[in-house]
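What follows is a set of notes on a single structure, which appears directly below.
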């Protein structure tokens, strides 16, 4: 059986175990065969394994005659923007929100994550194990000006946004946004309070960032609004002036209304996933906005956006795509767009967020085993019975970890807990 290397967000694993320098070198060679004698832009987050993987994948690419432009530490959306500007391929070495021992390889082309068909083409070459011999050898060059190009592009997008006097708190997750976020907010006039801005590769996402938003909610002192990013900068979660966490669903709801009022919300449509909270769906419906759902993963959100013509979509986790700003989830751009909506309305973030219901939702991870099956009659009965009583049940394999995720949503938290435990017992039996 052919090995599946790519998950929902590139290749990912624990460095030295499921993700090695040898694999990265081969990915470089496989991608190099597809690229030909072009160039590939490479960026990374702050993980300690980033240097080693960067060297390995660069060696694979240059051995196939491809020039490699090294950006150093830079958010995933920044690399995506650079590949769009230069019409080239890109590689980001990052495991996004995962702990420091993980790392990953994301492949981009012309601003977008590569499609499943191209991932399959790379996997096929990895499985075959034999690569073309090229007479031309590529070069590795520093491309640190890529950071300035990205910052310049973001500032141009928000040239009319004046944040003078605004107090903003940022949690940079000790990750890639340490190179961009503070500078952009300060340039726009904000007074910035920063947490977790170390580039020590052992601290990324550790008790901080978008997967631990309570850290910022508890620690921010001066901010009227806070933003907490993940390790590679493609997610953001907000914190309001009352120190309440504002999740991705609520951010999407606020942006949807703001864009609609400006006449910028295409087809009055927003794209979410099967995990999008029903409270957001009900709120959008009241505002005359349609919600389309798709599979979990920002690549699938983007596919549905392109298919439907929507220009706003995202996930509860904070992956939010504003297509007339960026071709991928960009935490910094999302944060600035939210600030723009707040400034334009004159309202507080808490006032907006409270308007959007957030129905109780519990997610539990169950370690996946070979004998575990989702095609189970008892499981089907539980789901059908729960659904008939108004609960929404989603059971799916994670695209980035060896677990099955159980999510149940409804209006009675105690009943949700019972349903989650019942499903867990069936899966583990």
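Every residue gets a Cβ built from N, Cα and C, even glycine.
Over in Swiss-Prot, the protein carries these features:
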- 96: active site, phosphoserine intermediate (ACT_SITE)
- 96, 230, 232, 234: Mg(2+) binding site (BINDING)
- 96: phosphoserine (MOD_RES)
Residues satisfying Cβ distance under 8 Å from residue 232 (Mg(2+) binding site), sequence separation of at least 6: 45, 75, 76, 92, 94, 95, 96, 175, 176
Intrachain C-beta neighbours of residue 230 (Mg(2+) binding site), sequence separation six or more, cut-off 8 angstroms: 96, 97, 173, 175, 205, 209, 210, 211, 236, 318, 331
Secondary-structure category, per DSSP, in which residue 96 (active site, phosphoserine intermediate) falls: coil
